[in-house]
Amino acid sequence: MNERQRLKEILLEKSYRKGEFTLTSGKTSDFYIDGKQTTLSAEGAYLCGKLIFDLIQQEDEKIEAVGGMTLGADPLVTATSMVSFLEKDPIPAFIVRKESKGHGTDNYIEGLKNMPPGCRVALLEDVVTTGGTLLKVFERVESQGFKVGLVVTVVERQEGGTEMLAKAGYRLASLFTREELLS
């Protein structure tokens with residue numbers, strides 16, 4: 001069994017639920033993917049980090065940092081950054097806050113000192129439905145002078161996220177589409 005097949009098993013075991021759910025987008029769904037149940041497990045975190053790192057390595061232009069909106073992206077950016085170090089091609093991580101701290105540095109983005117100014121970044125997300133959550137992340141990251149080169153999600157629910165992001169000028173890559181995960 002390869003790493004991707006094993007990650008699929010873990011996602012189905014730990015993260016996939018059937019039932020009636022209201023999603024962040026406000027839509028209702030007959031299934032839910034709680035990505036954190038996978039990304040906060042040791043094996044799931046490693047596999048996500050490794051597969052995302054491998055995907056980033058295929059980019060023509062170098063990705064110089066990985067980040068995303070807290071809380072869903074936190075384990076992903078950490079795992080990807082750690083895998084990159086183990087693979088001897090370190091990529092720093094950053095986290096985008098929902099609200100500024102209101103004290104100290106009052107930053108929306110944590111980890112700025114590890115990132116080259118104006119660098120090209122990949123934004124990570126555990127699950128993308130419509131892509132709406134990412135709009136605030138783009139705004140905050142780009143307002144600091146960084147370029148979003150790629151958006152990566154563990155699961156793309158195939159409910160308009162890829163299309164919405166493409167319309168806004170961003171490319172979404174996924175480890176799994178809903179169809180791939182559930183087949």
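The backbone N, Cα and C atoms fix where each Cβ goes, glycine too.
What TrEMBL lists as 5-phospho-alpha-D-ribose 1-diphosphate binding site is R97, K98, K101, H103, E125, D126, V127, V128, T129, T130, G131, G132, T133. According to TrEMBL, the orotate binding site annotation covers T129, R157. The domain 'Phosphoribosyltransferase' annotation in TrEMBL covers 47-158.
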Legend entry - Neighbouring C-beta atoms (10 Å sphere around the C-beta of T133 (5-phospho-alpha-D-ribose 1-diphosphate binding site)): 19
Inset, instruction - Mind checking which of R97, R157 has the fewest other CB atoms within 10 A of its CB? They're the binding-site residues. - result: R97
Inset, instruction - Please state whether DSSP places T133 (5-phospho-alpha-D-ribose 1-diphosphate binding site) in a helix, a strand or coil. - result: helix
Legend entry - Distance, T129 (5-phospho-alpha-D-ribose 1-diphosphate binding site) to R157 (orotate binding site) (CA atoms, angstrom): 5
Legend entry - For the domain 'Phosphoribosyltransferase' (47-158), the mean pLDDT of the predicted model: 95
Inset, instruction - Please report the number of other Cβ atoms within 10 Å of the Cβ of E125 (5-phospho-alpha-D-ribose 1-diphosphate binding site). - result: 25
Legend entry - Counts of helix, strand and coil residues, the domain 'Phosphoribosyltransferase' (47-158), according to DSSP: 39 helix, 30 strand, 43 coil
Legend entry - G131 (5-phospho-alpha-D-ribose 1-diphosphate binding site) CB neighbourhood, other CB atoms within 10 A: 25
Legend entry - Neighbourhood of T129 (5-phospho-alpha-D-ribose 1-diphosphate binding site) by C-beta distance under 8 A, where only residues 6 or more apart in the same chain count: L23, T24, S25, K27, R157, E159, G160, G161
